[in-house]
Amino acid sequence: MAAVAVAVREESRSEMKTELSPRPGAAGRELTQEEKLQLRKEKKQQKKKRKEEKGADQEIGSAVSAAQRQDPIRELPGPGSQLGGTAGEKLPAGRSKAELRAERRAKQEAERALKQARKGEQGGVPPQACPSTAGETTSGVKRVPEHTPADDPTLLRRLLRKPDRQQVPTRKDYGSKVSLFSHLPQYSRQSSLTQYMSIPSSVIHPAMVRLGLQYSQGLISGSNARCIALLHALQQVIQDYTTPPSEELSRDLVNKLKPYISFLTQCRPMSASMCNAIKFLTKEVTGMSSSKREEEAKSELREALDRYVQEKIVLAAQAISRFASTKISDGDVILVYGCSSLVSRILQEARVEGRRFRVVVVDSRPRLEGRHMLHSLVRAGVPTSYLLIPAASYVLPEVSKVLLGAHALLANGSVMSRVGTAQLALVARAHNVPVLVCCETYKFCERVQTDAFVSNELDDPDDLQCKRGDQVALANWQSHPSLRLLNLVYDVTPPELVDLVITELGMIPCSSVPVVLRVKSSDQ
């Protein structure tokens with residue numbers, strides 16, 4: 001390469017000297033003005049020609065270095081050879097940049113095709129016959145795969161190894177599932193998780209067994225209720241815990257809690273509020289000093305859990321109620337959905353303050369949680385109407401605002417709540433009705449989700465059976481192979497459909513959720 005460049009430069013200098021030498025007949029006399037101008041013009045042309053040749057040398061050098069990086073085993077051209085030519089050829093000085101670039105591109109394409117052919121020979125499959133990646137066709141259009149990775153039997157067996165190692169019973173899927181949600185577990189309340197479980201010999205604490213059964217049977221529902229029940233059960237576990245000899249509480253207690261959490265997950269998937277509470281307890285346990293006595297450490301952990309309930313749930317609800325009451329005016333018609341303990345408290349306290357408003361409770365099958373909200377509001381003396389979600393669009397023209405609860409607030413600002421919330425928010429946006437979401441910050445999670453397909457919860461499909469007297473609709477639905485029931489628990493509402501989020505920190509937009517998460521992580 002260097003020899004080629006030197007040869008080109010020497011040839012250019014010799015041509016320049018030849019052209020700049022005095023012409024015949026010009027020796028012995030002084031050059032005229034025209035001859036001087038002609039000589040200067042020739043010098044400029046030679047200088048321009050040298051610059052072009054220098055640029056061509058640099059491009060050739062970059063091409064050689066690129067070829068070395070792509071195929072270091074390949075033999076580089078010798079001193080007498082030229083890139084892309086046979087030995088003994090010299091680089092023509094009259095080549096333009098475009099021609100050199102085209103030649104270099106053609107050579108790179110040829111080398112790339114040669115490499116692919118070599119790889120095909122080594123793998124035994126020609127490059128044209130190589131199978132495309134999952135979800136991608138030969139035309140380059142990506143398609144959604146028919147089966148998700150969670151459907152893989154190998155992966156399912158791997159996931160079941162963890163409960164087996166922890167001596168935790170597992171539940172089997174029940175019924176046929178809709179293909180879009182085939183990666184989610186679907187359980188039946190008829191099959192008890194503790195049916196073949198021996199309580200005395202089990203590693204699961206009795207308080208956790210009782211709590212798991214209450215979760216699976218739907219006796220405890222709602223994010224706040226489930227989290228409070230979990231923290232109370234953990235207090236009993238800590239109270240009965242004894243540190244083994246030659247062990248530290250900060251390490252052994254965390255290992256003891258792992259099978260308990262796995263058991264609760266088998267009973268019902270954990271909510272975002274429960275996950276945050278477990279993270280808080282784990283942080284408190286691991287940060288416990290080893291010099292403290294066992295009773296003192298256990299007492300501090302129980303007090304920390306009580307403080308967590310008081311600050312994150314009770315006091316947070318009081319602050320949210322104060323902020324939300326400023327948005328309720330006399331004569332308002334407020335639409336609520338389902339039964340949210342926080343929304344119910346806000347409305348009852350606003351009634352106690354003397355606000356005159358009316359509430360429309362929207363409910364949906366199969367849970368019909370709105371009936372509990374209806375009973376609590378009627379007892380508080382709030383004028384209330386009750387209807388099912390298909391009729392919501394008929395009452396929205398007279399509604400002044402929509403007040404909703406939340407299961408979790410995701411990092412991208414999406415609201416995860418009971419299924420049907422996104423539908424109500426969309427209809428409210430069509431009628432220009434503001435949507436207000438009330439949510440404590442301990443329900444904020446760092447998970448990002450834009451739809452309800454990837455991560456969700458499937459409830460018992462038998463709940464969709466409708467009983468009217470002695471007749472049961474959808475009875476023996478499993479005997480029909482083409483029939484599948486979907487009892488979805490949550491949906492995801494995009495942040496564009498939510499006007500305001502009311503928290504104990506104040507009233508914020510959905511776009512401020514990452515800021516709250518960042519502040520919480522820095523405080524911890």
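Note: Cβ is positioned from N, Cα and C throughout, glycine not excepted.
Swiss-Prot has this to say about the protein:
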REGION    1-155  region 'Disordered'
COMPBIAS  8-20  compositional bias 'Basic and acidic residues'
MOD_RES   SER12  phosphoserine
COMPBIAS  31-40  compositional bias 'Basic and acidic residues'
COMPBIAS  41-51  compositional bias 'Basic residues'
MOD_RES   THR86  phosphothreonine
COMPBIAS  96-121  compositional bias 'Basic and acidic residues'
COMPBIAS  130-140  compositional bias 'Polar residues'
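Summarised by DSSP class, the composition of the compositional bias 'Basic and acidic residues' (31-40) is 8 helix, 0 strand, 2 coil. Secondary structure of the compositional bias 'Basic residues' (41-51), assigned with DSSP and counted as helix (H, G, I), strand (E, B) and coil, comes to 11 helix, 0 strand, 0 coil. Each residue of the compositional bias 'Basic and acidic residues' (96-121) gets a DSSP state, and the totals for helix, strand and coil are 25 helix, 0 strand, 1 coil.
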